[in-house]
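Following: one structure in structure tokens, then a few remarks.
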Amino acid sequence: MAFLVRHNTSYLRPIEISDEVLFANAQPPVPHTSPGFIAIFREYAVICSSSLTSKHSELLFTKDAQPFLISGSGTLGWDQVAANLVEPGESVLLLDCGYFGDSFAQCLRTYGGNVTKLKAPLGYAILPSQLENALKEKKYKIVAFTHIDSSTGVLSDAQALAAVVHRLAPETLVYSLLHFQPILVVMDGVCSVASEEIKMDEWGLDVVLTGSQKGIGIPPGLSILVASRRTMEVFRMRRAPVGSYYVSWNKWLPIMEAYESNRPDYFATPPINLIYAYNTSLKQILYSPTLSLTERFQRHKQASKAIREAVESLGLKMVAQREEERANGLTTVYFPDGMNASDLLPGMEARGVLIAGGLHEEIKDKYFRIGFVIVSLIPTVSTDFGKKSRHMGVSVVDERRKDIQLIIGFLKEVFAEFKAQKAT
């Protein structure tokens, strides 16, 4: 991934954070039982539950899903799914498009899931027809997939995949004390929430999980998971004890329900400052006076298209092979012959841009990643450390910054230098 960052750091995953969000995160902590914090949690800190406020249905387009906000990274969402929804020996179909699909499968197996991986060829997503064939061969409790696998930049068609599941396992399923056989659709949206359109109810997604440090735009440390009402019914009917103490929904559901009812409760201390920051970021995403949510998604598409056209003009090839399977917040690009990370990354860093090398084990040294959902400008710093520094706000959604054009220009410069060096 590539970011124009405020500080000269090699830590690449968090996005740039707006001043308002930083300020919210930096205020003195308050007790988690205080009326002020409870009001913030209830009003703004939940991504989509209309039982709290209908305004937040906008981001994931859901009316009545149950949110869980827990201290932890996005990875903790995997643990929540595995511990609460998978009983030992139950079958899970994992659609694997890269590194994070592999890791999700490991997590599910850790909690006793019988995981079958449907693995896509490198650079491709699983097609709906492939999913349909797999579901006809065996019964599964869960179909899980990563919306964008950031190791490959591949975007899965969440709507089409969920449609296949619900067509083969319609809503007229029989509930009983002894038997319940739905297929839950679980989506890892760590790299997609707030940069890709996600319609949770309309598409039939049962779980969407994400982290705080990417599209949401706050510091790392908040695990955000939203579960459909159907998912919560499945959870309540489980027979085996939940295989975790910390992520057990038996512990966390009463806490979420208490805050929704405007009263305090306690299991573990919530990340108070991160929730204040989350509050502020959601306001910026959902209620911007100059940019609607639809326009926000469109800006990401435009940025993605511009980056792809620029790298293709340099004769470079994408890791994600199909145009419709290329993410709008991330582009993965193969190095040309004779070039590697040491030829590109230092030159970009010298210009204030940090680009990530490869992550997928099969091609780790053969490609790089540009993540322009998460871009921000390094201050222009003189040798006396900052007297001439300038701060330039959040990128892709603020076209005045011209960050995408800067990345493109710098890429062209570095590649031109590389060709000139090879010619000498």
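Note: Cβ is positioned from N, Cα and C throughout, glycine not excepted.
Record features, source TrEMBL:
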- Arg369: substrate binding site (BINDING)
- 71-360: domain 'Aminotransferase class V' (DOMAIN)
- Lys214: N6-(pyridoxal phosphate)lysine (MOD_RES)
**Request:** Report, as a single number, how many Cβ atoms besides its own are within 10 Å of the Cβ of the residue listed as 'substrate binding site'.
**Result:** 22
**Prompt:** Near Lys214 (N6-(pyridoxal phosphate)lysine), how many other Cβ atoms are within 10 Å of its Cβ?
**Reply:** 28
**Request:** Take every residue in the domain 'Aminotransferase class V' (71-360), average their pLDDT values, and give the whole-number result.
**Result:** 92
**Item:** Cα distance (Å, whole number) from Arg369 (substrate binding site) to Lys214 (N6-(pyridoxal phosphate)lysine)
**Value:** 15
